[in-house]
Each structure stands twice: as C-alpha cells, then as structure tokens.
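Chemist: I have a structure here, written as structure tokens, and I will follow up with some questions on it.
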Amino acid sequence: MRVLFSILGVLTLLSIVPLARSFLENQDCSKHRHCRMKCKANEYAVRYCEDWTICCRVKKKESKKKKMW
C-alpha cells in the first residue's frame with residue numbers, strides 16, 4: 001500500500017511541476033512592477049527580467065498606529 005501511495009505521489013508531483021514552471025516563466029513585469037538595474041528606496045526586488053535587470057515592485061505603505069493609552 002505504501003508503494004502504491006509513493007508511486008501516486010511521484011506521479012502527482014511530476015504532473016504539477018511542469019505546469020508551475022511554465023506558469024512562472026511566462027510572467028513579465030506588470031504595470032505595478034518596473035525593470036531596472038537598481039530598485040528605488042520605496043521598492044523591493046521581485047525577480048530578474050529577460051535582460052538581467054531587476055523587476056522592482058513598490059512597497060506597501062505602513063500605516064502609523066496610534067497608541068490608545
């Protein structure tokens with residue numbers, strides 16, 4: 001029974017991995033991301049673009065919390 005589950009697990013992984021890889025490869029920088037050589041102070045690096053520049057995304061602004069007491 002363990003062998004059967006192991007074989008089914010391996011087959012499941014082999015079928016999922018190519019789908020995930022092709023999904024991630026096709027993603028380019030969207031309108032919220034920019035390809036640059038260096039990210040600005042208000043951005044962080046997400047991935048590399050096709051020409052080896054860095055895909056930068058704007059950081060979310062942190063809300064200032066007021067102390068209640």
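Cβ from N, Cα, C; glycine included.
Here's the feature list from Swiss-Prot:
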type	residues	note
DISULFID	Cys29-Cys56	disulfide bond
DISULFID	Cys35-Cys49	disulfide bond
SIGNAL	1-22	signal peptide
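Map these features onto the structure and tell me what's around them.
Modeler: Under the three-state DSSP scheme, Cys56 (disulfide bond) falls in the strand class.
Cys49 (disulfide bond) falls outside any helix or strand according to DSSP and counts as coil.
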Chemist: Could you say which of the disulfide-bonded residues Cys35, Cys49, Cys56 has its Cβ with the most other Cβ atoms inside 10 Å?
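Modeler: Selected residue: Cys56.
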Chemist: Sorry to bug you, but what's the C-alpha spacing from Cys56 (disulfide bond) to Cys49 (disulfide bond), rounded to the closest Å?
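Modeler: Distance between the two Cα atoms comes out at 10 Å.
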